[in-house]
Amino acid sequence: MEPASQFCYLTDNHTSVVGIRGVTSALGVVSLPVSPEEIEARAKDVVQSEGSSCQTPHLFCYPAQSNFSGRKYPLGYVRGIQARQLYPACDSKGRWFVLLDAASFASCSPLDLQEHPADFVPFSFYKMFGFPTGLGALLVRNDTAALLRKTYFGGGTAAAYLAGDNYYVPAPNMASRFEDGTISFLDIIALNHSFDSLHTLTGGMDKIQLHTFGLTRYTYMLLSSLCHGNGQPVAQIYSHSEFENPNTQGAILNFNLMDCHGQMIGYSQVDKLASLFNIHVRTGCFCNTGACQLFLGITNQVVKSNLQAGHVCGDNIDLVDGRPTGSVRVSFGYMSTFQDCQNFLNFVADCFVEKPVKVDQDKLDRLKSNTSSKGSSQCLLSMLTNGKPDHIDERVHASTDPVVNQRGGKAITKDAKSHEKAQTLTNIYIYPIKSCAAFEVTDWPVGPLGLLHDRGWMVVNGNRVCLNQKREPRLCLIHPQIYLPSNTLHLQASGMNTICVPLENHNEPHQSHRVCQNMVCGDRVETVDCGDEAASWLSEFLGQPCRLIRQSPDFSRDMKKGHEKEVSSTALSLVNEAQYLIVNRASVDLLQRHITSRQESSDDHQPLDTQKLISRFRANLVISGKEPFEEDDWSHLTIGNTHFQVAGRCGRCQMIGVDQSTGAKTKEPLLSLSAYRKGKVTFGVYLVHQSLGDSNSTLSVGSSVKSEMS
């Protein structure tokens, strides 16, 4: 491309396409983003004859199918741009080339490049076959290949070159010229078998398109019909169509779920619960900021302000001021079935719909008119509305149960309030080794990073990756205990001899106590290896190469931005979010009753008492609050003489589905917590210690607790 060239791209493009502007701008090429509406609205029907002698090259890039919404853009745009009849080509002289991004499209749709002769077509074999991971290709038209220039040459791309002189002749074959180094030939060998298997199993891409479109339309019609018991819709679906035609809509369904009050449910909460049902969804903006902004109404300024607030692509900050930062995407492939659709829809109804389930009859009638899915829709509707209920009706329960008010808390009368006991600190837990068992104490010193030695150590595997209970549930069977008088950490586990590790190593670092760096929640942390004895003990118990490391005493790590409430800069140990996590025993009691009610109405009765439930949340501090979930509104807390600031609510992760006494994985309590709180699976609050200068501060069980509301 030349300085007079233009690099134009549809705003509904993958990041990989938009990122080309980083290369072209260095050449002085003008970048022009184009909205989907402009292509045809600003088109010129007259054939462009003027400027035919101008050969200035321009490039227009657009996706055959949006990876965000599944919208299929007309393949006729290829010839329209090349003939300069569509915008922006109709406004600029020169020769126009088209890059057709077929990565999403080619996974489930046939593409005829003789009819639609794009100059460049990138696509993904991984999206087509599910294997090999990361392998794709770029198709280049032969009459366009001669125009490509390369500024770098590597192994196999040169016909000849001189090491001591600026002399280089590229390989004559276009593929050889641009394939630097050794290609992934073992994966490429598998492609022939993949194409053969795909054709044998499905009969061809035309059939795959019809199959996957049928699944997507079926799911769309039912999801868009689902309503809460009060008639409010369950989902907001992001689409330009109503899934009438496989030529305009691909096998992608993008949406956000809403509670019965019309409030958005964060996509990370949906993702966490879906994993419990063995359902894999994608969440966020899917590397397509343009489409995400368009559908979700996110302005440029909001994107910038969200970044300043701590939200970056790929994190779990799904709501900012109640507005979603991304969405949920469900995609279908040739191996997907109607049973998969039904499992997904039942998951939504089970976890996010306030009972009784209702439907938008008009949309359901349109679905029934499709004979190919009528029987299945009737079956699913019966399953959702007439089958054995898995949940109690929370809305009705809240209004009829005399001991539960509409906030989910105990109904306290004026007379009862006067006799209510003061809030107290009932339990103190420290977790010396991140993700291992708790160490309960009755009183404990407070240090500059929180409770002394809390999350001071962590276990890493042979690749230096931090292990947690999601990766290795057996970590909860390791019981660390700290003995301050002897300055030692003891490791205990069933069937293993107890070993001792010094709390601090005052010797000069040597091979068995080397300094290294590890990642914790995206932060690079300086750590010290704790030696071979601890490594051998952990490796034997966990059955894989492991090492015990602790945070370097000279290293400082600050708390990230992005919490619900502003907090001052605070130093952290190896914790995820903040210095302390506190839970309210009253909230646990209410959740336990809700779990019991759910289990009594199902065949799976696994009692979960209050103490076991508390252990699932792995809190540092447990208090006897007056009302369930009153902690949601706290801003400050005083325990004894120690002051705390509330940093925000804790979005519970999948770890609360691990039985802390056995390591077994269960769907509770995350499932009941989501059902009770309508998808908002926050439980407990993060605290920041404010009296950092008080080195003699100690927390003791039985201390009074005073809270301040925000």
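In case you wondered, yes, glycine gets a Cβ from its N, Cα and C as well.
As annotated by TrEMBL, N6-(pyridoxal phosphate)lysine applies to K127. Under 8 Å, Cβ to Cβ, and six or more positions away along its own chain, K127 (N6-(pyridoxal phosphate)lysine) finds A103, S104, A106, S107.
Listed in sequence order, H14, T15, S16, N67, C313 are the same-chain residues six or more apart from C287 (active site) with CB atoms under 8 A from its CB. Taken from TrEMBL, the feature active site covers C287.
The average pLDDT computed over the domain 'MOSC' (550-708) stands at 80. Residues annotated as domain 'MOSC' in TrEMBL: 550-708.
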